[in-house]
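Q: The structure is given below, and queries will be raised subsequently.
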Amino acid sequence: MLKKDLLGIKDLTREEILEILDLAFEMKKLLNGEKYSQALRGKTVVTIFFEPSTRTRLSFEMAAKYLGAHYGNIEVATSSVVKGESLIDTIRTVERMKADVIVTRHNMSGTPHLLAKYTNASIINGGDGINEHPTQALLDMMTIKEKKGDFKGLKVAIIGDIMHSRVARSNIWGLKKLGAEVKVAGPSTLMPPQIEKMGVKVCYNAEEAIKDADVVMGLRIQLERQKSGLFPSIEEYREYFGINEERMRLAKSDAILMHPGPINRNVEVTSGAANASYSVIEEQITNGVAVRMALLKILCERRN
């Protein structure tokens with residue numbers, strides 16, 4: 001049973017993941033129907049993002065409002081943090097304003113775990129450094145479950161900058177707990193050392209990873225990595241690891257294509273592949289709202 005906070009997929013049991021997904025499907029029914037509920041009336045959700053985010057922050061805002069909660073967002077660029085206030089003081093200040101749930105994103109791994117120790121409010125990790133992005137993995141797993149049903153024996157290929165991807169880490173933790181087989185592929189300079197210890201198979205070309213896959217997941221390449229020399233050029237990355245229609249034909253005939261967004265089109269994924277019938281990238285966005293509604297509901301009810 002999910003406790004006070006959601007800090008990472010690594011901390012969750014298989015049963016906890018499935019509990020969240022089951023409720024997320026119920027929340028999606030609400031989204032597709034009446035849309036608005038008063039389930040969290042009187043509750044307050046606050047987002048504090050120390051890194052840029054449009055999708056995740058807006059998704060949490062919509063999730064809170066659809067459930068009838070009050071919502072607030074702290075703009076870090078104009079907040080007291082810029083004036084020297086510590087992270088812990090900021091979190092305590094927000095708690096004193098009677099926030100029930102605080103969603104935070106920070107470029108330093110482990111920040112949500114630290115903050116959770118200093119507040120009675122529930123902390124949701126909206127992404128911490130290169131460590132984890134649990135809500136993205138949950139919406140990805142929801143999308144896979146929706147399309148494929150069972151995870152046991154499912155073959156998933158994750159392609160891109162594995163080393164710097166918190167999305168990859170959270171997905172690997174979750175997919176392995178649910179019984180999927182995971183392959184990862186990317187340039188050797190973007191592959192973490194000893195990642196095999198997470199139970200994945202490492203491939204150094206896209207074709208090997210995609211062959212016979214049920215799910216193909218591209219990761220966003222941060223273009224600044226190329227400037228720092230971690231891979232030679234965008235063109236070379238696209239040639240060897242870009243997901244296109246030809247490579248997707250190596251996957252199973254009913255395979256699905258995923259991407260956490262935003263996509264660098266014609267770098268990680270071609271427009272042809274992203275717009276194809278097997279692409280579920282837009283459905284991931286809707287499922288993101290449903291998953292975050294489920295998490296807010298679970299954590300607020302635990303607080304009661």
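In case you wondered, yes, glycine gets a Cβ from its N, Cα and C as well.
Below, the features straight out of Swiss-Prot:
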BINDING   ARG55, THR56, ARG105, HIS133, GLN136, GLY261, PRO262  carbamoyl phosphate binding site
BINDING   LYS83, ARG166, ARG220  L-aspartate binding site
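Provide an account of the burial state, proximal residues and distances for the features listed.
A: Counting every protein chain shown, the Cβ of PRO262 (carbamoyl phosphate binding site) has 9 other Cβ atoms within 10 Å.
In sequence order, GLY160, ASP161, SER165, HIS259, PRO260, GLY261, PRO262, ILE263, ASN264, GLU268 constitute the residues six or more apart from ARG220 (L-aspartate binding site) in its chain with CB-CB distances below 8 Å.
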Q: Excluding ARG55, THR56, ARG105, HIS133, GLN136, GLY261, PRO262 themselves, which residues in that chain have a Cβ inside 8 Å of the centre of the Cβ atoms defining the carbamoyl phosphate site?
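A: Apart from ARG55, THR56, ARG105, HIS133, GLN136, GLY261, PRO262, the close residues are SER53, SER59, GLY126, GLY127, VAL167, PRO260.
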Q: Among residues ARG55, THR56, ARG105, HIS133, GLN136, GLY261, PRO262 annotated as binding carbamoyl phosphate, what is the maximum Cα-Cα distance? Answer in Å.
A: 17
Q: May I ask for the distance between HIS133 (carbamoyl phosphate binding site) and ARG166 (L-aspartate binding site), taken between their Cα atoms and rounded to an integer number of Å?
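A: If we compare the Cα positions of HIS133 (carbamoyl phosphate binding site) and ARG166 (L-aspartate binding site), the gap is 5 Å.
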Q: When you measure from the Cβ of ARG55 (carbamoyl phosphate binding site), how many other Cβ atoms are you left with inside 10 Å?
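A: Result for ARG55 (carbamoyl phosphate binding site): 14 other Cβ atoms within 10 Å.
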Q: DSSP secondary structure for ARG220 (L-aspartate binding site), reduced to helix/strand/coil, please.
A: coil
